[in-house]
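Student: Per Swiss-Prot, the features are:
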{"type": "BINDING", "residues": "Gly13, Gly14, Gly15, His16, Ala17, Gly18, Val125, Ser180, Gln370", "note": "FAD binding site"}
{"type": "BINDING", "residues": "273-287", "note": "NAD(+) binding site"}
Amino acid sequence: MNLEQLYDVIVVGGGHAGTEAALAAARLGVKTLLLTHNIDLLGQMSCNPAIGGIGKGHLVKEIDALDGAMAKAADQAGIQFRILNASKGPAVRATRAQADRVLYRKAIRTQLQSQANLTIFQQAVDDLKIEGGLVTGVVTQMGLTLKARAVVLTVGTFLGGKIHVGMNQYAGGRAGDPPSIALSKSLRDLDLPVGRLKTGTPPRIDRRTIDFSQMVEQPGDTPVPVFSYLGTASDHPQQVPCHITHTTEATHDIIRNNLDKSPMYAGVIEGVGPRYCPSIEDKIVRFADKTSHQIFVEPEGLTTEEIYPNGISTSLPFEVQVQFVRTIKGFENAHITRPGYAIEYDYFDPRGLTSFLQTKAIPNLFFAGQINGTTGYEEAAAQGIIAGMNAALQIKDQELWCPRRDEAYIGVLIDDLITCGTQEPYRMFTSRAEYRLLLREDNADLRLTEKGRQLGLVGDERWESFSKKREAIESTQALLHNSWVRVHHNDLFKEALLNPMQHDCRAAEFLKRPEINYQHLLMMDDLNLPELPQEITEQIEIQNKYAGYIDRQQQEIEKLRKHENTMLPETLDYNDVVGLSSEVIQKLNRIKPTSLAQAGRISGVTPAALSLLLVHLKKSRLPV
């Protein structure tokens, strides 16, 4: 059966990538359809009930700067908030929220249902309609054909999903949900480069069977942080503590003695698991010298008794899970409400994508999320907003966009994927970015909101709030630059100054001192500085205190910008470039980098190879 209505964009999958993709496309004004196998599970947190963390929190702030949904939902669902690396520099500080699963789903669904140009329909997709090298729609499980001018696939772990508990295995997209077997086969028939990955989740435990007196309480931060630039602490529900416990040597003995029953170690699972979120079996084997491992005991919500024991992801048989869980401090009488499991699923080599997340083989087919080899809600959502936006821009015949590596962690994420690919689930860290000092959580809006407004992503409320904030920062910085702190002010600041001033200096220069903050300057009545919110004074302080380092990174970026702007034609045959090794030729012909800078980030492409490319471009009279 055909549904005659033509949609501009169809998004397949209602997880973190799919919801951001659908909202982004709809915000750009195109007719968008979001397809999900279960409307009640839109925005479902399939694994850990948390948002943010090192690198991940930066992505959430960037999504928010582009008017995405994740940060707002986290504020409305967060039951504990913490700033990680709070004692370190601003580049690596990161917000993390423990979230109530039910409240998070509710917040996401509310945003979806209130979005203009967006329709939600409950149907799983079994096939794509391809005509003339383009996707023209999708076919659902009940045989319904839905037409579209562009399709975004955000199918998570559902493609060919297989769940493992011990030696038992069964088809599933996640616990309790069916896999996408037919769609997996359809995509494999398109001859796209496919692989298998694996992830896992720990058993859930009944809170009432836990002895918290044996654990260390971990309270949230006060004052309570917020994720969204539009958020306030009043958005948060009731705040609750988490706890920390540890495995014991008895735990390790049980796991070691049952490794032959682990599908991972028995060779049953072919997919590669996440390096930075290993199973408890992996930890015991890889870190054999450790006598204990830390476990974060995290509540799943305010209206459930289930606890998420972060750190014991496992696919061991259920009876073994019961045994080892009860050797953990405080879990001696634990009742497992849901077993832990591993799940294998299909992913497609992201080197088959452009930087706009469109497939090179089918230009109006976009991929986002775990289908591209990433792991994590935040990584998925970041890809979703870019894929949905670009699908809409393509429909509107406008220039597609993706942030550069020096503009956003989203740019780092996508460039890493499309340039290097991945053989294991990819997770974002601040260490992946060359320009961390520029890509801070606190300035994501200053980096991205204006561009988001130009693209049509950012609504009036956010734009007005951002414009006021930016104006306050710029006007205050000008005031600081044109105001002077005199030597006679030493007495005023004698409690704070590590060393007295030897000469007069501009207020902006005085603020560079590590012991001085904006509040100190307010003590000087003759400066006439305005009282400002904390998030604005923080930005002013960082811009001044780190000005030298920031300028240095900007200079490095300008040097590299020439390579970023040296475009490599898609039709360039690297076999024609004299002097390149066969390895480099093979990689360049496969990946087809769009710029000289991207070519330089491909493993094995040396500076000498880049010089040969430049010579070839000049000889061929191609634009350099």
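Backbone N, Cα and C define each Cβ position, glycine as well.
Distances, neighbours, how buried they are, the whole picture for these features please.
Tutor: A 10 Å cutoff on Cβ-Cβ distances gives Gly15 (FAD binding site) a total of 29 other Cβ atoms nearby, all chains included.
There are 16 other CB atoms within 10 A of the CB of Val285 (NAD(+) binding site), with all protein chains counted. The secondary structure of Val285 (NAD(+) binding site), as reduced to three states from DSSP, is helical.
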Student: Rounded to an integer, what is the Cα-Cα distance in Å between Gly13 (FAD binding site) and Gly273 (NAD(+) binding site)?
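Tutor: With distance taken Cα to Cα, Gly273 (NAD(+) binding site) is 22 Å from Gly13 (FAD binding site).
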Student: Taking only the Cα atoms, work out how far Gly273 (NAD(+) binding site) lies from Gln370 (FAD binding site), in Å, as a whole number.
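Tutor: Rounded to a whole number, the Cα-Cα distance is 13 Å.
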Student: Spatially, and counting Cα to Cα, which of the binding-site residues is closest to Gln370 (FAD binding site)? Options: Ser279, Glu281, Lys283, Val285, Phe287.
Tutor: Ser279
Student: By a 10 A CB contact count over all chains shown, which of the binding-site residues listed here is most packed: Gly273, Cys277, Phe287?
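Tutor: Answer by Cβ density within 10 Å: Gly273.
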Student: When you measure from the Cβ of Glu281 (NAD(+) binding site), how many other Cβ atoms are you left with inside 10 Å?
Tutor: 27
Student: Taking every protein chain in this structure into account, which of the binding-site residues Ser279, Gln370 has the most other Cβ atoms within 10 Å of its Cβ?
Tutor: Gln370
